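S.K.: Here's a structure for you.
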């Protein structure tokens with residue numbers, strides 16, 4: 001086995017370590033400084049590191065199978081015999097089993113347990129053992145859900161393909177033990193809420209980030225003058241009400257009392273914002289950011305171009321799927337090879353020849369989608385329909401909010417794993433840069449004089465040359481064994497694009513954000529502040 005394989009695993013280990021450190025820094029940045037729980041913090045860190053490592057395994061998976069084929073001959077390299085490829089892919093498969101199994105454990109047991117354990121903290125007079133028992137009692141419900149899903153998957157019959165589709169690749173996907181099939185059914189169930197997170201939070205967040213960089217914040221001087229003016233108006237209204245009852249024993253009317261209370265709240269908010277702006281004016285960091293403003297705009301434009309390219313790639317692939325799928329709805333619109341041009345897939349295939357550039361690009365996409373999901377969660381909040389359960393804010397996120405954000409981010413990155421593999425860059429994610437010689441002479445494949453017969457691998461290619469990635473195999477196996485998953489995943493991509501377009505338009509016409517927002521412990525919720533200030537302003 002060549003040294004490149006060892007290098008690939010080394011790069012993965014370093015990347016996983018860096019992403020783990022990023023998870024720690026991210027959690028510490030958002031956790032509440034006044035109200036924190038060690039168990040919730042540690043669980044959030046581990047959950048994020050786990051899902052990061054799972055998604056970061058994909059480029060290594062792709063590189064390993066790509067390294068087995070000589071692109072000049074379209075044949076397997078000498079070292080890539082059947083046993084070597086088996087153990088190489090088996091190692092990756094074991095890691096996926098460990099990662100996905102751990103994600104299931106965290107989603108259905110560890111995170112719910114940590115959540116209920118913290119909730120029991122508010123019950124006075126309880127010992128730690130009582131808290132553990134109470135948390136375990138509530139967690140049994142979520143564990144029973146995964147148990148039922150596992151049993152359902154265990155007895156679920158695999159999909160039967162039409163007789164005219166007789167491919168070794170499909171037969172391989174359907175050949176699996178009942179236990180493994182049940183595990184992947186449970187994982188497939190996790191992809192479903194992941195798609196919801198992808199649509200609700202990730203899609204709008206993709207546009208918010210570049211437009212925030214391009215638009216920047218409002219000019220400090222203009223914001224300072226506006227707040228000063230509003231503060232003068234508020235204090236004048238307070239003075240008029242107080243003057244109305246000055247020198248009189250008459251009590252304030254209910255209307256005037258409520259108005260004065262609201263004015264006092266508004267004054268506190270405005271004073272806090274004014275204080276924050278005055279601090280920012282003399283802040284060295286603000287001066288540096290002002291100098292770097294042109295670079296910020298440039299980065300925003302680059303990200304915006306990438307986001308648009310990604311949306312175009314997804315659109316082209318889902319059109320490709322519905323038009324050229326080998327078995328349509330019966331297998332979740334699996335395609336043999338993309339026929340329409342896909343910009344992101346094109347970039348990946350060419351960068352893959354310069355490993356680890358494709359790995360760096362993939363990690364950048366992972367982090368960006370993570371930040372986009374987090375941006376969506378921050379702007380929208382952790383909600384149950386229209387009710388905001390938790391707000392995610394720097395240095396003031398409750399432990400329950402951290403755990404909820406961890407589960408949302410886990411589901412969101414699971415959905416990303418499907419989207420990259422099947423929609424964003426399906427050709428790259430399934431076979432990497434593998435090609436095969438499609439010319440036989442004298443009973444053997446030889447393209448020495450038929451170079452144009454060296455073509456990219458697809459599901460119709462000979463399995464003795466083209467090796468599919470483990471990630472693509474597992475995801476296609478989920479959609480093939482349970483076609484309803486394939487349908488949900490496919491139509492979720494349409495909803496994702498619709499949500500992305502709406503988020504893009506809102507971010508495009510949205511006014512730049514303020515420089516200073518109240519973040520002290522006694523600050524009102526941002527939405528309540530906005531409603532209060534807007535109401536008085538009108």
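Cβ coordinates are placed from backbone N, Cα and C, and glycine is handled just like the others.
Heads up, TrEMBL stuff is auto-annotated, nobody curated it.
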S.K.: Which stretch does TrEMBL mark as transmembrane segment, out of 261-280, 321-340, 401-420, 421-440?
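M.R.: When 261-280, 321-340, 401-420, 421-440 are checked in TrEMBL, transmembrane segment belongs to 401-420.
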S.K.: Suppose you had to name the range TrEMBL annotates as transmembrane segment; which of 488-509, 510-531 would you pick?
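M.R.: Among 488-509, 510-531, the range TrEMBL annotates as transmembrane segment is 488-509.
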S.K.: Select from 182-209, 210-237 the stretch of residues annotated by TrEMBL as transmembrane segment.
M.R.: 182-209
S.K.: Restricting to the same chain and to residues at least six past its boundaries, which positions have a Cβ under 8 Å from a Cβ of the transmembrane segment (6-26)?
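M.R.: Contacts with the transmembrane segment (6-26): 44-46, 48-49, 52-53, 56-57, 59-60, 63-64, 67, 355-356, 359, 363, 366-367, 374.
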S.K.: Considering only the recorded stretches 182-209, 297-319, 488-509, state which has the highest number of Cβ pairs under 8 Å to the transmembrane segment (401-420).
M.R.: 182-209
S.K.: Which listed stretch (38-65, 85-118, 182-209, 488-509) has the most C-beta pairs under 8 A with the transmembrane segment (297-319)?
M.R.: 488-509
